[in-house]
Amino acid sequence: MKIDILSIFPDMFSGVTGNSIIKKAIENERVAVEVTDFREYAEGKHHIVDDYPYGGGAGMLLKAQPIFDAVQAVKEKQPETKPRVILMDPAGKRFDQKMAEEFAEEEHLVFICGHYEGYDERIREHLVTDEVSIGDYILTGGEIGAMIVMDSVIRLLPGVLGNKDSAVTDSFSTGLLEHPHYTRPADFRGMKVPDILLSGNHAWIEEWRDKESLKRTYERRPDLLKNYPLTDKQKTWLKEWSDSK
């Protein structure tokens with residue numbers, strides 16, 4: 001996979017690409033990440049990327065020209081691919097695990113990270129394929145959001161995680177929150193690991209994990225259960241918890 005990031009603050013990404021799983025993914029050639037300062041594509045000797053909005057109003061808008069030209073330039077470097085051009089914007093579609101899995105199937109992603117009051121609307125209408133939001137709040141720019149999406153996508157690529165099952169069993173990958181985890185010692189200052197996890201009975205352990213995953217979701221994110229395909233056993237557990245309230 002190739003990931004291009006367009007930002008006027010490219011140095012923000014050095015910490016993300018130079019550490020942990022993303023660094024290893026780059027070193028192992030599972031992904032190539034290139035960060036471009038789209039100010040370099042702005043016309044005029046001062047390379048101005050923003051301007052006042054027509055009709056007045058507060059703030060400055062990112063101009064269409066430098067972003068259109070920057071996207072065209074990264075496309076020309078990968079002419080064999082048809083990239084998803086992703087605009088990080090609070091008005092976009094809420095990012096979730098399903099979207100991460102969808103993006104992970106692509107060959108080429110281009111992230112546009114904005115600043116100031118917003119974008120010239122022609123960028124949305126004629127350039128991007130996806131508008132993505134990481135939540136209902138405002139950040140200074142799109143860089144942090146792009147980092148979040150990029151991390152979520154890269155860890156899904158084949159060969160990136162050491163354990164191939166890790167991405168499958170993570171919270172949200174199954175549609176439910178993940179079950180509790182414990183490691184040694186079995187008794188830490190009187191706080192004990194559930195006996196069933198020490199039993200060696202894998203069928204019991206899997207059922208316990210399934211039940212705890214459902215319970216955690218029911219207690220913390222009941223909205224996730226709205227369209228979840230519950231088994232008969234899971235329905236019985238939910239009824240027990242509901243009746244005990």
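Every residue gets a Cβ built from N, Cα and C, even glycine.
What Swiss-Prot annotates here:
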BINDING   GLY114, ILE134, GLY135, ASP136, TYR137, ILE138, LEU139  S-adenosyl-L-methionine binding site
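The binding-site residues examined here are GLY114, GLY135; by Cβ neighbour count within 10 Å, the least packed of them is GLY135. Burial estimate for the binding-site residues (ILE134, ILE138, LEU139): highest at ILE134, by number of other CB atoms within 10 Å. Proximity of ASP136 (S-adenosyl-L-methionine binding site) to non-local residues of its own chain (separation of 6 or more, Cβ distance below 8 Å) is seen for PRO90, given in sequence order. Under 8 Å, Cβ to Cβ, and six or more positions away along its own chain, TYR137 (S-adenosyl-L-methionine binding site) finds PRO90.
Per the record's binding annotation for S-adenosyl-L-methionine, residues GLY114, ILE134, GLY135, ASP136, TYR137, ILE138, LEU139 show a top Cα-Cα distance of 16 Å.
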